[in-house]
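Enquirer: Sharing the features that Swiss-Prot gives for it:
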BINDING   G317, Y318, P319, N320, V321, G322, K323, S324, D361, C362, P363, G364, V365  GTP binding site
COMPBIAS  10-22  compositional bias 'Polar residues'
COMPBIAS  480-489  compositional bias 'Low complexity'
COMPBIAS  553-586  compositional bias 'Acidic residues'
DOMAIN    207-368  domain 'CP-type G'
MOD_RES   M1  N-acetylmethionine
MOD_RES   S504  phosphoserine
REGION    1-33  region 'Disordered'
REGION    462-521  region 'Disordered'
REGION    538-595  region 'Disordered'
REGION    636-728  region 'Disordered'
Amino acid sequence: MVKPKYKGRSTINRSAASTNPDRVQGAGGQNMRDRGTIRRLNMYRQKERRNSRGKVIKPLQYQSTVASGTVARVEPNIKWFGNTRVIKQASLQKFQEEMDKVMKDPYKVVMKQSKLPMSLLHDRIQPHNAKVHILDTESFESTFGPKSQRKRPNLFASDMQSLLENAEMSTESYDQGKDRDLVMEDTGVRNEAQEEIYKKGQSKRIWGELYKVIDSSDVVVQVLDARDPMGTRSPHIEAYLKKEKPWKHLIFVLNKCDLVPTWATKRWVAVLSQDYPTLAFHASLTNPFGKGAFIQLLRQFGKLHTDKKQISVGFIGYPNVGKSSVINTLRSKKVCNVAPIAGETKVWQYITLMRRIFLIDCPGVVYPSEDSETDIVLKGVVQVEKIKAPQDHIGAVLERAKPEYISKTYKIESWENAEDFLEKLALRTGKLLKGGEPDMLTVSKMVLNDWQRGRIPFFVKPPNAELPTDSQLPPSSPLEVPTETTQNNPEEETTETEVERSDSITEKEPEGDCSQDRNSEMQQILARVRQNFGKINVGPQFSADDLVPVEMSDLEDLESSGEEEEQEQEQPGEDAEEERSPDTQEEPVGNDTKAVLRALDEKIAKYQRFLNKAKAKKFSAVRISKDLSEKVFAKYKEEKKTSAEDSDAAPTKKARKWDAQMEEEPSNKTQRMLTCKERRRAARQQQSKKVGVRYYETHNVKNRNRNKKKTSDSEGQKHRRNKFRQKQ
């Protein structure tokens, strides 16, 4: 209870209360008040002291002691009339240019934006003649009439010529679709999809889930399909984040990189890295790729936000691109429901990756665009089982995928059109209706399922991937529109190459400079991506045209350097197993199969020598007594003498067999010794999967085995029997 005559305390209490900054740390913990805070709180509680007549005896600390009526005097100093902060125009221009470069660089982050004059940058970007609502502030009469208050009106043009030029420029840049002031006649007819299933991912509920994830996350990860990265991007969401949420970090994850060649993955990473940080990823619980690099990147983002206890990472993207699979891969166990169909994730959910990083799974969202129904189906947005006429989309599958891949997948050599292909496939797979008619509906669903799940090899080539056939010709202009792997007319291709050759002869030097600039730019971009793309286990088998592009020398150098860096860090045994995998596509263009086999044999022999050295070092560390070593060497010399005497005699049958075995041993040395786990796995594979089959082989059931010939016991049965006898 406060004393009735207590007027507040201005000094510091020396007791053990919270107003003593020097008290012993006890129940208060670490966050105790400091001396300045205690003085400030005491100041709030103070009251001036007055006598019985109401005159102030003791004023407050922050009150002035100057008597009332005294004339205040300001010190005459030039600083009162100068600017508080002065910056030169050249310095401001330099700061603006440097800041613009940093803001456009996807691999740089501005740490303290609040302490920088960001308003100067944004205001200077807008032109002086930006359109404003001038009539609301200055009327026409106050500018041009007899009551005008301005000497010179602010006009866009100073003369008729400039006015004509401005009118022509505005006419050329006019877009009727973007004109919101245009009066449109509403006829009540709109262009919409025929079926509701083609509107999946566009409902208000799904978009509400998306905005929840974006608002709750500090880092937004857009998952893309490596087969068609530009087709699965969402430019609307990217523009929304850049305009409305510029403080949130956006990165790209190129998932399903095991379905495309390695060079295409590398080129797409280089192209997409110009906009946002991009990582190649393969979602798999058993054999993932890019998991360590992704977790390291998230940790770096966590270090940027030191003011927060934890950060949230939201995963967005098209349906069926693998958002939930990426989260399961990062956690190394199933925490999200996954399925090879679209729409498995219904609502957003939080997953804990580590103490300071949380992951948010989001349903797939599709922005309404001009994509046809076939494009929507082939992107995997729609479930195949719900399509009423799946045979209408088979023609696009046959156009986008190469015929050699189709024939290799379905064992069909040739076809005339989509219907002919479906009929042959139905006859081959036995999908027939009554009367032997082919079941077109079921077969077309099979093909679409194979397309969505990656069983048909297909990928969209990155920009600048299709170059002229002559290696001496320089490439075309950088960053063109990506083209799909379709079969073109050979006559058209020959004419195009001839035209390109004629143009390249006339303009050879400038195009060569452009190609050098583009290669150097590619090298700078790929130098930032610390990923060994040679470790990607590519599943589909591509042809020679798709495996190695025409101009990939700049990327191969970076790949080899990245491999050398990682080989120094990792164990050689692991590298041997990874380099033996046939899926790595790092061989040069001119290598044939013999050269590849020769290179693999050299690598195997190299690692075999390394293992032998390791074994020798291991046994050399064991110390043997001197007496025992002398006895062993004496026995060894005697055995060597006897073997030399026996070798003079004629070789026997056993000796011949032994020599034959010794000759076969060097060829088997290169083979790797199987571990105990691999031997047990091979034994399990040889055994039959059915239960109770061996019973009929060893027993006489229904007089089928009248002689009762028991088969030889396995090693496991012999071991158990001997163990049982020893116990007795």
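Every residue gets a Cβ built from N, Cα and C, even glycine.
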Enquirer: Which three-state DSSP class does K323 (GTP binding site) fall into?
Expert: helix
Enquirer: Write out the long-range same-chain contacts of V365 (GTP binding site), meaning residues 6 or more apart in sequence whose Cβ is under 8 Å from its Cβ.
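Expert: In sequence order, G201, Q202, I206, W207, E209, L210, S234, I237, I316, G317, Y318, P319 meet the Cβ cut-off.
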Enquirer: Over the domain 'CP-type G' (207-368), work out the mean pLDDT and round it to an integer.
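Expert: Per the prediction, mean pLDDT sits at 91 for the domain 'CP-type G' (207-368).
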Enquirer: For G317 (GTP binding site), just count the other CB atoms lying within 10 A of its CB, please.
Expert: 25
Enquirer: So which other residues, same chain and not among G317, Y318, P319, N320, V321, G322, K323, S324, D361, C362, P363, G364, V365, have a Cβ within 8 Å of the centroid of the Cβ atoms at the GTP site?
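Expert: Apart from G317, Y318, P319, N320, V321, G322, K323, S324, D361, C362, P363, G364, V365, the close residues are V223, F315, I316, T345.
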Enquirer: Just checking a number: largest C-alpha distance across G317, Y318, P319, N320, V321, G322, K323, S324, D361, C362, P363, G364, V365 for the GTP site, rounded to a whole Å.
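Expert: Value for the max Cα separation, rounded to a whole number: 14 Å.
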